[in-house]
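Contents: one structure, followed by commentary.
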């Protein structure tokens, strides 16, 4: 028998890899490419991995994915799509307060459960009024009441089927002449549960189901389109009223209080205080103000990269923390300001401290691949915020353009001069609103068209699940528990190891991710 073989039982297993504590013990600044996670034992399928995770103290998401409040990433279309797939979007504030609040309102109106403030018309309104409402709101199924208001007697409903083939000369026709009358309507009584109402709607094969009280007065309505959305998007992030969750960004200055008021009126579920360096008297004062005026509104503070920064914001009362400084693909803060921290170290250090107080952490920036998402979650982050990864998708703001035959969309950092010139909100984020000379902390560029996130986000979700499967963690909470207990093991990578772990040795190749 060869002398290098040891005979006997197989019970002995040598220690292998580093715990997270050991990985970050030497004060090295590590980012996601600097380490790998060692595989564990698989006894479940990838689809069984539970990705439920906390966004804030009181808000939980079924998918740990968030879109960044950047003006080339998140407006209503992105926020709606992210919420439908179990995440959440944060509407940027590099715009007027009114525009931002209206974007939030679009998200909240997209799916509503019981609609208690629908568009209502009276029999004396015209077909033209219905067409105008369709242009403004995107639908034409409108209940008709005696006075044209909620709480009035229901007398009928007008749908697209009632007016589709009317000539333009008939647009002045009164709704009383074209509406489907009350006697032909299927309705549900006030007090019915949403589940019961949906069952009635499904059986009726109608597009809308009016809810009426004992006096036959309209008190609410539910839509068949919402029933379809429930079927097609089972992971959707919703509030207690069955509306999609929506976040919004605000600054930390006095005039941001007006913006905050409009956002809360529009229905924003959570506010992120948008600052490149969150450990400031301005942010602490704003947290105190919000918690005093809107005690039930969830507030995310940041950005921070150290436990000391996190402490001040946690003491002020934040419900979540956004971690990252200078690590985004369009960010030059570390280069220009000599301030920041490699993202892997930042996430681990802040998450390890914040968990003692029940404050979830968002890993914001530096995410280039689904593997980076898994690593961020394995270091203690509850959710991951994405900018460049979602830029240039169909849902991202902006128009496509062509350069050298490639379809592109603009993507810029909120610290770029381009963004600062558009609105003072970007200047305030970087404490530059009063400066004569603006110091750019970001760049402006373009990214190749990625298509819809309706395909991209499911790929990310599946990738996270498969990553957790290889690790041996059946949920994100188990993943974090394994990390903090020391069961999860890591290993540093040399530059040669990083090259080895990528595509190499080929003359040419095509990299298709999904």
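Each residue, glycine too, has its Cβ placed from N, Cα and C.
Copied over from Swiss-Prot, here are the features:
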ACT_SITE  331  active site, thioimidate intermediate
ACT_SITE  429  active site, proton acceptor
BINDING   326, 328, 331, 500, 501, 502  K(+) binding site
BINDING   329, 364, 365, 366, 387, 388, 411, 412, 413, 414, 415, 441  IMP binding site
DOMAIN    114-173  domain 'CBS 1'
DOMAIN    179-237  domain 'CBS 2'
MOD_RES   341  omega-N-methylarginine
MOD_RES   355  omega-N-methylarginine
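Cα to Cα, residue 411 (IMP binding site) and the residue listed as 'active site, thioimidate intermediate' are separated by 11 Å. Shown are the modified residues 341, 355; of these, the residue with the fewest other Cβ atoms within 10 Å is 355. In sequence order, the recorded positions near the residue listed as 'active site, thioimidate intermediate' (Cα within 10 Å of its Cα) are 365, drawn from 341, 365, 387, 500, 501, 502. For the binding-site residues shown (326, 501), fewest C-beta neighbours within 10 angstroms: 501.
Spatially, by CA atoms, the binding-site residues 326, 329, 500 include one closest to residue 355 (omega-N-methylarginine), and that is 326. Confidence across the domain 'CBS 1' (114-173), taken as the mean pLDDT and rounded to a whole number, stands at 83. Within the same chain, residues at least 6 positions away in sequence whose Cβ sits under 8 Å from that of residue 329 (IMP binding site) are 366, 368, 387, 388. A straight line from the CA of residue 341 (omega-N-methylarginine) to the CA of residue 365 (IMP binding site) spans 11 Å.
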